[in-house]
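Novice: One structure, as structure tokens, below. Some questions next.
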Amino acid sequence: MHSRLLVAAPHCLLLLLLLPSALPALKVGGLYPRDVMDPEVQEAAAFAVENYNAQSTNDNYFKARRIVEAQSQVVSGVKYYLKMELAKTTCKKIAGKPKLYQEIQNCNLPPENQQEEITCHFEVWSRPWLQKTVLTKDEL
């Protein structure tokens with residue numbers, strides 16, 4: 001039994017020494033790319049679009065055309081960094097009756113020669129244990 005341990009010990013030591021170089025370098029608090037189709041990214045994008053429309057002074061809703069890029073960072077919760085393309089819809093805002101994301105996504109676009117698209121950079125901070133999500137940044 002002892003001879004097996006003595007033979008295995010150098011191999012285990014070698015494995016432990018090589019393992020860190022085989023793993024990608026992860027930085028605590030660093031930004032990491034995310035799949036734009038990830039459900040958490042999709043949820044953050046929906047939150048960003050709803051809040052963008054609530055804060056926008058435009059008379060019409062803007063809907064998500066696509067998520068161009070998504071990253072996340074662990075910071076007392078998760079902060080999502082999203083680059084999104086939005087398009088102005090034909091749906092008019094009605095005071096006191098905001099539309100939810102899925103309703104906005106169902107809105108039609110104007111004819112192609114009248115379409116207006118914008119690229120936005122959003123930061124969405126999610127802290128699920130507090131049941132709190134905040135749009136911390138929206139820039140055109």
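Cβ coordinates are placed from backbone N, Cα and C, and glycine is handled just like the others.
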Novice: Looking at 63-67, 73-77, 123-127, 128-132, which one does Swiss-Prot call motif 'Secondary area of contact'?
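Specialist: Spelled out, Swiss-Prot records motif 'Secondary area of contact' over residues 73-77, not the other listed ranges.
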Novice: Pick from CYS91, CYS120: which cysteine does Swiss-Prot list as forming a disulfide with CYS107?
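Specialist: Here Swiss-Prot pairs CYS107 with CYS91 via a disulfide bond.
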Novice: Please report the distance from the Cα of CYS107 (disulfide bond) to the Cα of GLY29 (site 'Reactive site'), rounded to the nearest angstrom.
Specialist: 38
Novice: Sorry to bug you, but what's the C-alpha spacing from GLY29 (site 'Reactive site') to CYS91 (disulfide bond), rounded to the closest Å?
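Specialist: Per the Cα atoms, CYS91 (disulfide bond) and GLY29 (site 'Reactive site') stand 39 Å apart.
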